[in-house]
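As recorded in Swiss-Prot:
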- S25: active site, schiff-base intermediate with substrate (ACT_SITE)
- Y58: active site, proton donor (ACT_SITE)
- T57, G73, A74, A75: substrate binding site (BINDING)
- S25: pyruvic acid (Ser) (MOD_RES)
Amino acid sequence: MLRTMLKSKIHRATVTQSDLHYVGSVTIDADLMDAADLIEGEQVTIVDIDNGNRLVTYAITGARGSGVIGINGAAAHLVHPGDLVILIAYGTMEDAEARAYQPRVVFVDADNRQVHLGADPAMVPDTAVDLMSPR
C-alpha cells in the first residue's frame with residue numbers, strides 16, 4: 001500500500017509579492033527550498049493562515065537569500081502580500097518508508113529567514129511564542 005505523507009513544510013512564511021499575470025506557481029527563496037528539500041516544479045499546497053484559502057501549485061526557485069515568497073498567476077486572487085502561509089509538500093511512499101520517514105519542518109522569521117529546522121510536524125520551537133503544539 002502507498003501512503004501520502006508530509007514530506008516537508010515551510011511554516012508561517014510571509015508572502016512578499018504577487019503577480020496575477022505570471023504563468024503560475026509560487027516563487028520560493030532558494031535557501032528555503034534547500035531547507036525544505038523542495039525542487040523546482042515540485043507540487044506544493046499553500047495554506048493561507050490569514051483567510052483560510054488553500055491551493056495547489058508548483059514551486060519555482062527564487063533568489064537565494066532574498067526571503068521571497070511570491071504568489072503567481074490566478075492564485076494571486078486568493079493569497080496576498082503580507083499574508084502568512086504554510087507551504088506543504090507531500091510524498092507518496094511505501095508503508096515501511098512512511099513509518100520511518102522524517103519530514104523537514106522549516107520555521108521562518110518575519111523576513112522569511114530560517115530560524116528552526118526539525119522533523120516533528122507538531123513540534124513548536126521555543127522562538128515561536130504565538131504558537132501552540134497539539135501535543
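Start at 1 and count along the chain as shown; that gives each residue its number.
Placed from the backbone N, Cα and C atoms, the Cβ positions cover glycine too.
Model, not experiment: these values are computed from the prediction.
Within 10 Å of the Cβ of A75 (substrate binding site) there are 22 other Cβ atoms, across all protein chains. Around the Cβ of G73 (substrate binding site), a 10 Å sphere holds 16 further Cβ atoms from the protein chains shown. Taken residue by residue with DSSP, the residue listed as 'active site, proton donor' is part of a strand. Those same-chain residues not listed among T57, G73, A74, A75 yet with C-beta within 8 angstroms of the centroid of the substrate site C-beta atoms are G24, S25, V26, L55, I71, N72, A76, L78. Of Y58, A74, A75, all annotated as recorded positions, the residue with the shortest Cα distance to the residue listed as 'active site, schiff-base intermediate with substrate' is Y58. Calculated from their C-alpha atoms, the gap between the residue listed as 'active site, proton donor' and G73 (substrate binding site) amounts to 11 Å. Shown in sequence order, L20, G24 are the residues of the chain, 6+ apart in sequence, with a C-beta less than 8 angstroms from the C-beta of A74 (substrate binding site). Cβ-based neighbour count (10 Å, all protein chains) for S25 (active site, schiff-base intermediate with substrate) stands at 19.
The residue listed as 'active site, schiff-base intermediate with substrate' falls within neither a helix nor a strand when secondary structure is assigned with DSSP, and so counts as coil.
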